[in-house]
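Step one of this worksheet: look at the structure below.
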Amino acid sequence: MKKYPKIGIRPTIDGRQGGVRESLEDKTMNLAKAVAELISSNLKNGDGSPVECVIADSTIGRVAESAACAEKFEREGVGATITVTSCWCYGSETMDMHPHWPKAVWGFNGTERPGAVYLAAVLAGHAQKGLPAFGIYGHDVQDLDDNTIPADVAEKLLRFARAAMAVANMRGKSYLSFGSVCMGIAGSIVDPDFFQEYLGIRNESVDETEILRRMEEGIYDHEEYAKAMAWTEKYCKPNEGEDFKNRPEKRKTREEKDADWEFIVKMTIIMRDLMVGNPKLLEMGFKEEAIGHNAIAAGFQGQRQWTDWKPNGDFSEALLNTTFDWNGIREAYVLATENDACNGVAMLFGHLLSGCGQMFSDIRTYWSPEAVKRVTGKELTGMAKNGIIHLINSGATTLDATGESHNEAGEPCMKPNWEMTEADVEACLKATTWYPADRDYFRGGGFSSNFLSKGGMPVTMMRLNLVKGLGPVLQLAEGWTVDIDPEIHQVLNMRTDPTWPTTWFVPRLCDKPAFRDVYSVMNNWGANHGAISYGHIGQDLITLASMLRIPVCMHNVEDDKIFRPASWNAFGMDKEGSDYRACSTYGPIYK
């Protein structure tokens, strides 16, 4: 069973024995238990198991008890802490001093004991010591015997916990590059300093020829391969599309296409094994290959040295990013096409926060209402009336993005793996056509997934960029997938590559300059690619970015919904500027 980090709950208390401490013991510990129950009943790990909380063995009133708590948390694999109290405590004696753990403090809003006073005092201590902490203070006063968690407090506790678990899950893992720089794309010039200092992730790299070596030497699970081919024959090959993109002289024969299917299935198994290892290989005598690279994310270069010669990685990328394969429903992997590691990191953020498979897309085209009318003779309507952005790429878009899963209200959605059903799986596969690759671009052949995302799904488009002299910055745009007139779609889609998956996206507009219209969102995007996650997760992304000291340069989240460490308030009243100043002052966590 996979091991996950845990969240440590620290119940702090007034250390004065002889009446004061004794009167607060039950109340304080009950608050800690309530927080643990809130988190474990609402948040899940990647395999669907509840996020586990560890509570200190006793309340914490003096520094020796803080040390004992820290020791226990180290043993238990804690990756973040939440301190809770209903009273005054001794700030620097009871605070969490671990340099790498994200920290939050909930000070109970009650009149009998000054929990809010401790909250303010300990947050001042965190600021003074350079250990940022999130402050949580309920809007309304509660009675002393009320151990319920108000909705506003619960929202912040869960937002903190989601982001903190993402930080903890990344630490100590690897990003695996298959190959190197793809077609001069800057995002695939992997920066090891960024990964190490900001994420706690090491960089691993294998030449793409390692995939061929394992194929030729039979270093893969042959039983799984047979199972995978049977599954592919049942669910994918029947949906093979017409080879209409290739000129007759460039079309592969039926035998060559069948060989491509076999090749890309083996390729998928081998790429997964390289990422996370496979105990079956140990049984086969391949001890080194069985280990894998401990990769939480990866990227495949593909173009051009591979795709000019061998079947492309589209099938492998799409399927690994999906919440299922021939082994059934499982957690989606994170695999960036073209080894765009910057986009791979954004995909990883989205996956860790949402639990869903991620889309990898070119932010390809802004279609204004006027341009659509000119080329189609028809008008965009409904949510698309102000213009649309075409998200499309040959490779690593999860098949979950078909929108063929449905929520309880019957609406199209993308689900985390623990909510997926066999009916969802079959619907996603049925909606996906596998077209032979365009051999003008992919000379080695292969197959590209094609589908049209259902409209009406809330999604968040995001991107991490590296800027010389500044460092990493994150941008995001919350919005929706949209349905457009099928005749409009047909015309627009045929103007690009109709063998690839398409998603029509509209951002939520507001009065911020980058979001005044749909064109401005496209015009302010920082790179050619974007990662798209199901759900409006902008608030969570902003919280996560602050933990990692990555400023957010563009977003359409309302200011009153932004949750960052309390010390960010000391860097000025404008939230964007204070974020940049705070991130610059504190610097990356692991430097």
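Glycine is no exception: its Cβ is also placed from the backbone N, Cα and C atoms.
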Listed in Swiss-Prot for the Mn(2+) site shared with Glu338, Asp362, one of His222, His489, His529: His529
Residue pair His529 (Mn(2+) binding site), Glu338 (active site, proton acceptor) - Cα distance, angstrom, rounded: 10
Other C-beta atoms that fall within 10 angstroms of the C-beta of Glu338 (active site, proton acceptor): 29
Cβ contacts of Asp362 (Mn(2+) binding site) (under 8 Å, same chain, 6 or more positions away): Leu391, Ile392, Asn393, Asn528, His529, Gly530
